[in-house]
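Trainee: The structure is given below, and queries will be raised subsequently.
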Amino acid sequence: MTKRILKVAVGGFGAIGKAVAAALDQGIDGLELVAISARDVTKAKAHMSAQFRRSYDVYSLDALATTADVVVECCPAHLLDQVARPTLEAGKVVVVASVGGLLDAPHLKEIAARTGGRILVPSGALLGLDAVQAAAQGRIDSVTIITRKPPASLRGAPAIEKLGLDLDGLTDPVQCFAGSAQDAINGFPANTNVAVALGLAGIGTERTRVEVWADPTVDRNTHSITVMSHSANMTMKIEGIPSEDNPRTGRITPLSVISTLKRLTAPLVIGA
Ligand SMILES: NC(=O)C1=CN([C@@H]2O[C@H](COP(=O)(O)OP(=O)(O)OC[C@H]3O[C@@H](n4cnc5c(N)ncnc54)[C@H](OP(=O)(O)O)[C@@H]3O)[C@@H](O)[C@H]2O)C=CC1
Ligand SMILES: O=C([O-])CC(=O)C(=O)O
């Protein structure tokens, strides 16, 4: 019997999308890149012809599902629905990077339940979601995530604009937010997807406590997590190196997406 090859499309060609597409272009057993989506099509084609083994078709976000079995969403969060809805309506798999966008789109889960489509959320820039989900099968008492980022990684966040914080002038760490993951994502839509993922894995985004710090003393996107539960207490920390393309996004995030894609066809799955 021949192994099934899954056709993959990548929606968004920024820090995550380019890295995921590049890995697929290099060749991953069981997966085939068939299309990408980009806002600037000319730039994307130039990138592919300079950096990739071959060039791939460029589709609009909402058309990716017509050509692929699995669509990777890695575009700005407000476009999540354009990628995910048609993919799920077709009963296919969407891998979501903009996890925060899921909070505004409960209908996506309903569509998936109706059609047999699936929404997969990789660990992204976080760690330990497997253990948090295991603990959530029993009783979790509290979940806290403290995010410290180099000031440049927070540039453009609506909460920073609202605070009027001069990120370039910071010499000491400044707490920019304390509250729930549900609220954090509104102020930091490109910085607290991890907090939303943690909330969805554990006790929900309302009960998951978040702090965000602009910290000129760190050069990594640092997330420290504490979970108190009936089965285990956890303290976890990840120091992600910001990517060259987009300092808001750590280098590990596209690697996490690739790991999720590989597990779709792998004969042995660890940490499932
Ligand atoms: N789950 C997690 O742990 C993490 C999640 N994220 C989230 O993942 C998402 C992607 O992140 P990242 O790759 O860093 O973001 P980038 O901004 O680097 O890339 C997004 C890409 O989408 C493109 N785009 C914009 N509009 C369209 C459109 N209409 N059609 C096709 N493409 C479009 C942008 O093009 P252009 O640049 O030309 O506008 C850009 O290239 C974000 O929502 C981010 O917040 C990020 C880090 C961690
Ligand atoms: O890379 C990171 O540190 C995480 C991030 O931006 C996010 O969760 O949105």
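Cβ from N, Cα, C; glycine included.
Annotations for this protein, taken from TrEMBL, read as follows:
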ACT_SITE  His223  active site
BINDING   Ala125, Asn193  NAD(+) binding site
DOMAIN    12-121  domain 'Aspartate/homoserine dehydrogenase NAD-binding'
DOMAIN    171-258  domain 'Aspartate dehydrogenase'
Trainee: From Ala125, Asn193, His223, which recorded positions have a C-beta atom under 6 Å away from some atom of ligand 1?
Mentor: Ala125, Asn193
Trainee: For Ala125 (NAD(+) binding site), just count the other CB atoms lying within 10 A of its CB, please.
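Mentor: Looking across every protein chain shown, the total is 23.
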Trainee: Between the Cα atoms of Asn193 (NAD(+) binding site) and the residue listed as 'active site', find the distance and write it as a whole number of Å.
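Mentor: Distance (Cα to Cα, whole Å): 12 Å.
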Trainee: Under 8 Å between C-beta atoms and at least six apart in sequence, can you list the same-chain neighbours of the residue listed as 'active site', or say none if there are none?
Mentor: Ala125, Leu126, Ile145, Ile146, Thr147, Val194, Lys237, Ile238, Gly240
Trainee: Quick check: in three-state DSSP terms, what is Ala125 (NAD(+) binding site)?
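Mentor: Assignment for Ala125 (NAD(+) binding site) reads coil.
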Trainee: On the 0 to 100 scale, where does the mean pLDDT of the domain 'Aspartate/homoserine dehydrogenase NAD-binding' (12-121) fall?
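Mentor: For the domain 'Aspartate/homoserine dehydrogenase NAD-binding' (12-121), the model's average pLDDT rounds to 98.
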